[in-house]
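Here is the structure we will look at.
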C-alpha cells in the first residue's frame with residue numbers, strides 16, 4: 001500500500017486565467033497578422049521596381065491565414081459548435097499549405113536575394129571607385145588647369161629670365177611652397193649654380209659639385225624625386241631656429257643642345273645636360289607631396305624645357321638676324337663704295353682716254369705727215385721710231401680700257417658673221433713684214449675642214465690671234481713661227497690643265513683650235529701661270545727688252561673666256577721655244593643667208609683714193625691741237641677744210657656744200673649727239689645732208705649705239721694717221737657708212 005504523498009505542488013494560475021491570457025494573445029497576434037499585409041500592400045504599391053511582387057502576395061496570404069487561425073481560435077476557448085471546429089481545421093490546413101509553399105518558394109528566391117545583395121555590394125564598391133576616379137579626374141583637371149595657366153604664363157614671353165622667374169613664382173603660388181629654386185650648370189659643366197630662387201633667402205651664385213650622388217639620382221630618373229632636406233641642393237633657407245623642414249622634391253629640366261648656338265652667358269653644351277629644380281613644402285607642417293602634385297611638377301619641368309628651347313632658338317635667331325643685318329649693311333656699304341669706285345674709275349678712264357688720245361692723235365698724225373716728206377735716213381728712222389712708240393702707247397691705252405671693261409662686265413662680244421680665212425690671212429700679212437726684219441719665217445696652215453665663214457666677234461678674235469702671234473715674233477730672235485688652225489675634235493677638247501673647261505658639241509657651233517709654235521726664248525715651266533696675270537712679267541721675259549706692258553695675254557685670256565674657250569702655253573724651258581694653244585667657240589652661219597654674207601674684198605691700194613682735191617670737210621673740235629692736227633691730215637689729202645671750235649659756230653657754218661663732217665661728240669654745251677639730230681632736222685633729205693662722222697676717243701658699244709641712234713654715219717677712234725684718214729675717207733665716199741670696232 002502506497003504511502004500518501006505530502007508534496008506541495010507549485011501555484012500555477014487557474015485555468016480560467018490561462019485561457020484569458022491565451023485569448024488576449026491570440027487577439028493581438030491576429031491583429032498583428034492582419035496589419036502586416038496592409039503594410040506589404042503599401043510597399044508593393046510604392047515600390048514599382050521590386051522584382052518579387054508575387055512572392056509578397058503569397059507571403060501576405062500566409063500571414064492572413066495565420067491571423068485568421070488565431071482569430072478563429074478565440075471561439076475555441078469556450079464551448080463551441082462543430083462548425084467552429086471545421087472552420088478552424090480548414091483554416092489550419094490552408095495555413096499549412098500556404099506555409100509549405102512559401103517555404104519552398106523562399107528556398108528558390110533566397111539565392112537571388114543574396115546575389116542582389118552581392119550586386120549591391122559590388123555597386124557600392126564601384127560607386128566608391130568611381131568616386132575616387134572622379135576625384136582623380138577633378139584633381140587632374142585642376143592640375144591641367146594649373147599647367148595650362150602656368151604654360152600660358154611661361155610662354156607669354158620668350159625671355160629666358162622671365163620664363164624661369166615666372167615658373168618659380170607660379171609654382172610657389174599653386175603648390176603653396178616655402179621655397180623653390182633652379183640650379184643651372186656652369187660654363188665648365190662641372191658645377192651647378194644657384195641661379196633663381198623664389199624668396200631669395202639664399203644668395204644667387206652659390207655652387208655645388210655636379211657629381212653629387214643626390215644630383216646624379218635626380219638626373220638619372222625621368223620624374224620628380226623626393227630628396228633629403230639636408231642635401232646641399234635643398235638648403236634653400238638659413239639654418240636658424242628649431243623647425244621641422246618640409247618635404248623636398250627635385251626634378252631635372254632638360255636643356256637644349258647648344259652645339260650650334262652660343263647664347264650670351266649660356267654654357268656651350270655639346271652633350272645632354274640638365275638644370276635642377278628644387279621645391280620645398282612649408283616647414284613645421286604635416287603636409288606631404290601627393291601624386292598629382294608630383295605630376296604637375298614633372299609637366300611644368302617639361303614645359304619649362306620647351307619654353308627655354310624656344311627662347312634659346314629665338315635669342316639665336318635674333319642674334320643671327322642682327323648679325324645678318326649688320327652684314328647686309330656692311331655689304332650694302334661695300335656695294336655702294338664699289339659702285340662709286342667703279343663709277344670713279346670709269347669716269348677717270350673716260351677722261352684719261354679722251355685726254356690721252358688727244359695728244360696721241362697729234363703725235364701720230366704729225367709723225368705720219370712728217371713721214372711723207374723728204375727726210376734723210378736718220379730723220380726717217382727717228383720718225384718711224386716715234387710712230388712705233390706712239391702706236392705701242394695707243395695699244396696700251398686700248399688694252400687698259402679693254403681690261404677695265406672686262407673686269408666690270410661691261411664688255412660684250414660683237415657677234416656677227418665673219419670670214420675666218422680672211423682673219424688669219426690678215427694677221428699673217430700684218431706680222432710677216434715685222435718677222436722679215438728679224439729674218440724669221442712665218443707659216444700659216446689652215447686645215448681643209450676649217451669653215452670659211454663663221455659667227456663670232458671678228459675684232460676680238462683677230463686681236464687674240466694677233467697678240468699671240470705677235471708675242472711669238474717678239475720673243476723669237478731666229479728660226480721660224482708656225483700658225484695652225486683647225487676644227488677641234490671632241491677627243492682633243494678636254495685638257496687636264498683646264499678642269500673647269502667643259503666644251504659641249506652641237507650642230508650649231510664648232511670649236512676652233514689655234515696653235516702658234518715658235519723657236520724663241522721659251523719660258524720656265526713654273527713661270528707659265530704668271531704670263532696670264534695682268535702687269536706681270538716672268539723673270540725670263542723681264543730680262544729682255546720685250547716692249548710689252550704685261551696686259552696682252554691677260555686680256556686675251558679674258559677674251560677667250562668670253563668666247564667660251566681656253567688658252568694654255570707649253571714650253572720645255574728657256575731657249576727651247578714655246579707653243580701657245582687656244583680653243584674658242586664659234587657658230588655656223590645660216591645656210592639660207594650664206595649667199596648674202598656681207599663680205600666685200602678688202603680694198604686694194606689702187607682702189608683707195610689717193611687724193612681728195614676740193615672735197616669740202618667741216619671739222620668741229622673744242623681742242624685746238626686736235627682740231628689743227630685733223631685739219632692738217634685732211635689738207636694733206638687735198639681736202640678743203642673748215643674748222644670750228646663750238647657747237648654754236650658749227651650750226652652757223654654748216655651748209656649743203658660740206659660733204660663730210662668730223663665732230664667731237666664730247667663738246668661743251670650742245671654735244672655731238674644733239675648736233676646730229678639738228679642736222680637731220682635742217683637737212684631732211686639724205687642727198688643734201690653731209691656724211692656725219694664722230695671723232696671719239698671711245699668707240700665702245702654704248703658710243704656706237706648712241707651715234708647710230710641719232711643718225712650718224714660713222715665713228716672713228718683717235719689717234720688717226722694719214723693712212724687711216726685716207727682709208728676712212730675712201731670708205732665713207734664709197735659706202736657712206738663706217739663704224740670702226742674697238
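Placement of Cβ uses the backbone N, Cα and C atoms for every residue, glycine included.
Listed in TrEMBL:
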- 66, 70: Cu cation binding site (BINDING)
- 471, 472, 473, 474, 518, 534, 549, 553: ADP binding site (BINDING)
- 718: ubiquitin cross-link (CROSSLNK)
- 351-590: domain 'Histidine kinase' (DOMAIN)
- 616-733: domain 'Response regulatory' (DOMAIN)
- 664: 4-aspartylphosphate (MOD_RES)
Nearest-integer angstrom distance between the alpha carbons (Cα) of residue 473 (ADP binding site) and the residue listed as 'ubiquitin cross-link': 27
Number of other Cβ atoms within 10 Å of the Cβ of the residue listed as '4-aspartylphosphate' across all protein chains: 22
Binding-site residues listed as 472, 553, least Cβ neighbours within 10 Å: 553
Whole-number Å value for how far residue 518 (ADP binding site) lies from the residue listed as 'ubiquitin cross-link' (Cα to Cα): 33
Inter-residue Cα distance where the pair is residue 66 (Cu cation binding site) and residue 518 (ADP binding site), in Å: 151
Candidate recorded positions 66, 70, 664, pick with smallest Cα gap to residue 472 (ADP binding site): 664
Cα-nearest neighbour of residue 471 (ADP binding site) within the listed recorded positions, 66, 70, 664: 664
Cα-proximity to residue 474 (ADP binding site), 10 Å cut-off, over recorded positions 66, 70, 664: none
Shortest C-alpha distance to residue 664 (4-aspartylphosphate) - which of the binding-site residues 66, 70, 553: 553
Residue 553 (ADP binding site) to residue 66 (Cu cation binding site) - Cα separation in whole Å: 141
Per-residue Cβ crowding (10 Å cut-off), top of recorded positions 70, 474, 718: 718
